[in-house]
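The feature ATP binding site is assigned by Swiss-Prot to 109, 110, 111, 112, 113, 114, 115, 116, with sequence analysis given as support.
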């Protein structure tokens, strides 16, 4: 079977993925991509997919068949190649006691685009490979500064922007993971209280694969003029995925999700956003629009979207919230 990017007419390729003969990506339609599944078995049920998907995300078993099984097969090849390279490098360096480090997959994309669903489904599929690898999933939410710190520094309206994260703690965590250390602590976050949970951690104990999900995980930093090594989060990734969609679609999904949450999670008196559950629908929608335009859209333009070309794989979603196009970086 031979499927190439040129099989798609240029008019069918989203403008943000077009790069002519100099494009670093192979681009496939979802239907063509699905054929790369080969004999990869479907190990999830419809009920499990429903449990894994986020609110307002219609991803179903058909989407898993079309997109995620081929992606699982691709990642299996990358993990196997990484293991071979690790053994060869260990022999080259005569390091007989070298500890195998986890294969780290970064998942990035805008708020409301569906990256959490992608990360959860991937983690489940990878854990069900015949080799039964140990797979952990960690999100960057826990590495946000606590609300008390953000309020003190006047950063609550910048929550989700790079400066709202404890980058030092984030880098120390990934460094420890890549060093193969046991029981590395990842701080946890409550979407109910909209805050980091004090003294509560997720223990990550030398997994074979770590799925690391967050909006800004592919972001780079300015390089110092003196050539000093400045680590970036993506330096610790073995493979990276960017979940993409047209801006107008993400906007619509964000507002619709906010309105759905108003009817569900926001009803809880403990919710940080409980006050929005009691106002009129028009007032709530106006607040959602304001949050989108004043915070999330700015973050998308300034910090998230510019990282898209750094991804190894881009999943481009369409109006139905399902993947329409897949772009895979050329080797």
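Each Cβ is built from the backbone N, Cα and C atoms, and glycine gets one as well.
Around the Cβ of residue 114 (ATP binding site), the number of neighbouring Cβ atoms within 10 Å comes to 25. Counting other Cβ atoms within 10 Å of each Cβ, the lowest count among the binding-site residues 110, 116 belongs to 116. Within 8 A of the CB centroid of the ATP site residues 109, 110, 111, 112, 113, 114, 115, 116, the other residues of that chain are 215, 243, 250.
Within 10 Å of the Cβ of residue 113 (ATP binding site) there are 25 other Cβ atoms, across all protein chains. DSSP gives residue 116 (ATP binding site) a helix state. Between the candidate binding-site residues, 111, 112, the densest Cβ environment within 10 Å is the one around 112.
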